[in-house]
Amino acid sequence: MNFLLICVISITTSTALGALPVNNGTIRVELVRHKSAFEQHINAPNLEKYGLNFDELFKPHNTNRTNDSIALYRYFDNEFYGQIVIGHPGQTLNVAFDTAWSLSWVISEKCEIWKTIGCWFHHRYDHTKSSEYKKDNRPYSGNEGTYNLTGFYSYDNISIAHSNVTAQSFVEMVNVPYTYIFSKIDGVLGLGLKTGDYDPFFYKLLRQKKIKNPIFSIFLNRDRQSNKGGNIMLGFVDDKHIHKTQLKNGTIIDDTITYLPVDPGQYWQFSMDSIVVSYSSKENFTLCPTGCKAISDTSSNDIIGPVDDVAKIHDAIKAKHFFLGKYTVNCETVNKLPKIDFVLGGQYFQLEGPQYIVKMSYRSFSICLSAFVPSTYSYQKGWVLGGAFLAEYYSIYDIYNKNIGFVKAA
């Protein structure tokens, strides 16, 4: 996968952290919004004088990534985080719930902060303080060269909201990219599909009967002025997050959820019919006209696509290159930009300018950034639908039936 930006969607809590009342067999987790690592970075002092330079991170790799490899800039554009509690007595860490990754990991106390700047200002898990810790010690490497993520596997209890999973396998990271210094997250809770022998956290919840139904759903708050980031519902779909339509006879009904089959593998990957960019009802153009693949990815706010396709979108919205693969538009034009429809299962899921343009502060002025980002890998032909899309459409993930659902969010 491409550089999926380090801006994280995170979650989790224990009862001590103020868990919400829930029905038996379901878990609701609150999300908190914060400034993305990208926004914090562009407003930070220049780090090059410390020998830290982004250029090296964007050099092309000579080999294709494996399922275990980690996109270096994951979480750089995520605006959400939550909490988990690990071990006994509990250690609280901010994490990302990542639908594009099955593995769970946290920054380890063994991460040497004088060698790894990315570990600065983070909560670090110390297994020597937990009576429930079990040693594994198998090594882990993200295979990203000099700027990789490396660590070792461990077992411990993980609490999320009011529920506790025992003996969960995860990685203690001892080396992370320096860009993590700008991120709020101390780790990741993987919500990808199970592949191989590794048991993702959600599967453990099911196996230990902490939730009844093999589904989870994600609602992201579209109000960027609010620090309430949304909710993750484990084991259920919350009707209040589904948009309602009033019929001519006055009856109010839920909008229909569009379900799509998911391809085999760890990603929530599905088929997309096409993408239609419309200036008006009579003037438009189509991308991936014969269909293409897409994945749902909560680790980034961005919508990432093939270089040529994203270039066509940026031409249409008159975007100019800014920084780190980002593009800006004239803030005065946002409400007049083309509508962009993602056609899924024959249904149109539309984004308008204000929904795919993010306004943020840069130094002493404001800029308007496109959520569309070109893939850094020329071989990638599919799309990654991140927070800009998921904030508009409530998403449902069904592990048992291997499908994913989308519906307009309320």
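Backbone N, Cα and C atoms are what each Cβ position is placed from, and that goes for glycine too.
Residues or ranges marked as signal peptide in TrEMBL: 1-18. The feature domain 'Peptidase A1' is assigned by TrEMBL to 80-407. Under the heading active site, TrEMBL lists Asp98, Asp297. The feature disulfide bond is assigned by TrEMBL to Cys111-Cys119, Cys331-Cys368.
Feature map: annotations from TrEMBL on the structure.
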residue : record         : DSSP class
Asp98   : active site    : strand
Cys111  : disulfide bond : coil
Cys119  : disulfide bond : helix
Asp297  : active site    : coil
Cys331  : disulfide bond : helix
Cys368  : disulfide bond : strand
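A Cα-Cα distance of 31 Å separates Cys331 (disulfide bond) from Asp98 (active site). A simple Cβ count within 10 Å picks out one of the active-site residues Asp98, Asp297 as the most packed, and that one is Asp297. Around Cys111 (disulfide bond), the same-chain residues at least 6 positions away in sequence with a Cβ under 8 Å from its Cβ are Cys119, Arg124, Met173, Val174, Asn175, Val176. Scoring each of the disulfide-bonded residues (Cys119, Cys331, Cys368) by how many neighbouring Cβ atoms lie within 10 Å, the top position goes to Cys119. Rounded to the nearest whole angstrom, the C-alpha distance between Asp98 (active site) and Asp297 (active site) is 7. In this structure the alpha carbons, written CA, of Asp297 (active site) and Cys368 (disulfide bond) are 22 Å apart.
The predicted model assigns the domain 'Peptidase A1' (80-407) a mean pLDDT of 91.
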